[in-house]
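Q: Residues or ranges marked as domain 'Major facilitator superfamily (MFS) profile' in TrEMBL: 75-503. Residues or ranges marked as region 'Disordered' by TrEMBL: 1-64. Taken from TrEMBL, the feature transmembrane segment applies to 70-94, 114-136, 143-163, 169-190, 202-220, 226-247, 313-335, 347-366, 378-400, 412-436, 448-469, 475-499.
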Amino acid sequence: MELETLMEEGASPGPGSREGEAPTADDGTRVSLSNGDKASHSHRSQQPQQEELNSAAAMKSNSDRPRSSLNLYLAACTVNMGALAAGCALTWSSPTLVKLESGETGMKITSDQSSWVGSLVTLGAAIGPILAGLLLDRLGRKHTILLSMVLSAISWIMIGAIPSLVSLYLARVLSGIAVGVIFTAVPMYIAEIAEMRLRSSLGTLMQFFLVVGFLLEYIVGPYTSYLTLVIVSLATPVLCFGMFVWMPDSPQSLLIRPGGEQKAMESLRWLRGNPQETALIKELEDIKKSVDDSKKQKSGFGELFANKGNIKAVVISCAMVAWQQLSGINVVLLYSETIFRKTGVDLSASVSTIIVGTVMLVAAAATPTLAKMTTMRMLLYISAIGMAITDGTLGLFFYLQNSGSDVSSIGWLPVTSLVLFIITYCLGFGPLPWAIMGEIFPGNLKSVASALTASFCWILGFVLTKMFSMVCDAIGIHFVFWLFSVCCILALLFTAFLLPETEGKTLQEIQDILHGRNKSGNLKMTRA
């Protein structure tokens, strides 16, 4: 456009003029150049100007060319097959514990042993992030995730092939370790490969695939044999390994290792689906600078508490996963059939569980779209309020039941409450704490910080799932759900007043907010 304007305004000599002279009119008289230009800015000086303008126009065209996100979504979906495998591991106990306690499998266990089978997966999940923290930088994000799938496959083989209680305990711990690695490594991988505009929606994909795993166990488990469910569950890590092995590692992970710049460029080129090199080179330079800065900084556990910004990130990350667990989600997932049996309603526990799982899947599928339509903070608000109401309502049902009231007319209430609980959980506090964890830590501390956060999450999950039956017997199941409701209200207050705004910000801008280097960002953090 600038080139066309320049030529229209007479920057090139007119017919009959000599080089260095002003253009002449038809009658031979000289006319002045428009805009005060001199004749010296004629043909020879315009040649480099035209080349420069053409180059600028070409660069603008390259940068404006729309990118294809197909490869990026393909990588995100295949890595989240690991979340599907994790979902199977977490909810395998829901349809299986009933069979184990009744002796259908040929191995009868007590109620206390049943609680260990259900909760040991969360104990293993607390160990997994520590292993991930040791391996993520050494093996890379990709190979750490692939290793977790190998561990998951081994655990299912042990469960199916060795019919003993000790083997079952060990397999559940090993399965949990794989889950812990997935919950640490996948959000990090997604955060590193995603474009800024897609980071929130891609971060919610993990919850969707996790729920697919839940629903798979809920549908297959009650209507098949013990061994058939094990084989179906075994197929999920095998499938993830077979698909994800062909995907590239994240550019950050490749740049950490010596001589990885060329591989990082190839990874970025494939992920972006853009043949133009200009934008890719700039993005790679930004990533390389971030990685180089991280290498210059210490990355040990102690560095997490070396300054106020890092401490804020640890507190925020641990608090978000704590609110997630204190909503009661793992209790619902691991003991869903048991909970429905306690309601005494006519609808079978297995069917009720399938309904909950189906609704969870629909809600998880809608979350990426909603993440684009609204803000992360608004989804967290909706999630906390919805979970507080539904936990409280479920507690009220059990209170009326335990007090001897006739609840036959409201037999629909437990299923409805849990369905709404699942929907609101999937909208916010299900996927978003993990997405936030992948955003708020600096590059040099991501591995150790993710390990700490995920371990804390699963230790809390283990305590809640192991103590659930005992606490229910001591104070009543209704009081347990009321406690969960209070925790959801506290989660709402934390989100409103203490969670920093990360929406639409680069990873560096988020660090500036946490470290107080951005006054307007700080204001948002304290007043949002």
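Placed from the backbone N, Cα and C atoms, the Cβ positions cover glycine too.
Unlike curated entries, TrEMBL annotations are predicted automatically.
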Q: Between the transmembrane segment (143-163) and the transmembrane segment (226-247), are there at least three Cβ pairs closer than 8 Å, leaving out pairs fewer than 6 positions apart?
A: yes
Q: Would the transmembrane segment (412-436) and the transmembrane segment (114-136) count as touching if the test is at least 3 Cβ pairs under 8 Å, pairs 6 or more apart?
A: no
Q: The transmembrane segment (448-469) and the transmembrane segment (313-335): do they have three or more Cβ pairs under 8 Å, with pairs 6 or more apart in sequence?
A: yes
Q: When you check the transmembrane segment (114-136) against the transmembrane segment (448-469), do you get at least 3 Cβ pairs under 8 Å, counting only pairs 6 or more apart in sequence?
A: yes
Q: Same-chain Cβ contacts of the transmembrane segment (169-190) under 8 Å, 6 or more residues past its ends?
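A: 76, 79-80, 82-83, 85-86, 89-90, 116-117, 120-133, 135-136, 141-142, 144-145, 147-149, 151-152, 154-156, 158-159, 162, 199, 202-203, 205-206, 237, 250, 253, 434-435, 437-438, 446-447, 450-451, 454-455, 457-458.
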Q: Near the transmembrane segment (448-469), which residues from the same chain, at least 6 beyond its ends, have a CB less than 8 A from one of its CBs?
A: 111, 115-116, 118-120, 122-123, 125-130, 132-133, 136, 176, 179-180, 183-185, 187-188, 299-301, 303-304, 310, 313-314, 317-318, 321-322, 324-326, 328, 330-331, 334-335, 437-438, 441, 480
Q: Based on Cβ pairs under 8 Å, which of the stretches 70-94, 202-220, 226-247, 378-400 lies most in contact with the transmembrane segment (347-366)?
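A: Most Cβ pairs under 8 Å with the transmembrane segment (347-366) come from 202-220.
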Q: What residues elsewhere in the chain lie close to the transmembrane segment (378-400), defined as a C-beta under 8 angstroms and at least 6 residues from its ends?
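A: Same-chain contacts beyond the flanks: 323, 327-328, 342-343, 367, 370-371, 407, 410, 413-414, 417-418, 420-421, 423-425, 427-430, 432, 476-482, 484-486, 488-489, 491-492, 495-496, 499.
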Q: Please give the sequence-distant neighbours of the transmembrane segment (70-94): residues at least 6 beyond its ends with Cβ less than 8 Å from one of its Cβ atoms.
A: 117-118, 121, 145, 148-149, 152, 155, 175-176, 178-179, 182-183, 186, 189-190, 193-195, 198, 202, 205-214, 216-218, 221, 229, 232-233, 236-237, 239-240, 243-244, 246-248, 270-273, 330, 333-337, 353
Q: Report, as numbers and ranges, which residues of the same chain sit near the transmembrane segment (226-247): CB under 8 Å and 6 or more residues beyond its ends.
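A: Long-range Cβ neighbours of the transmembrane segment (226-247): 74-75, 78-79, 81-82, 84-85, 88-89, 92, 95-96, 99, 104-105, 142, 145-146, 149-150, 152-153, 156-157, 159-160, 178, 213, 216-217, 220.
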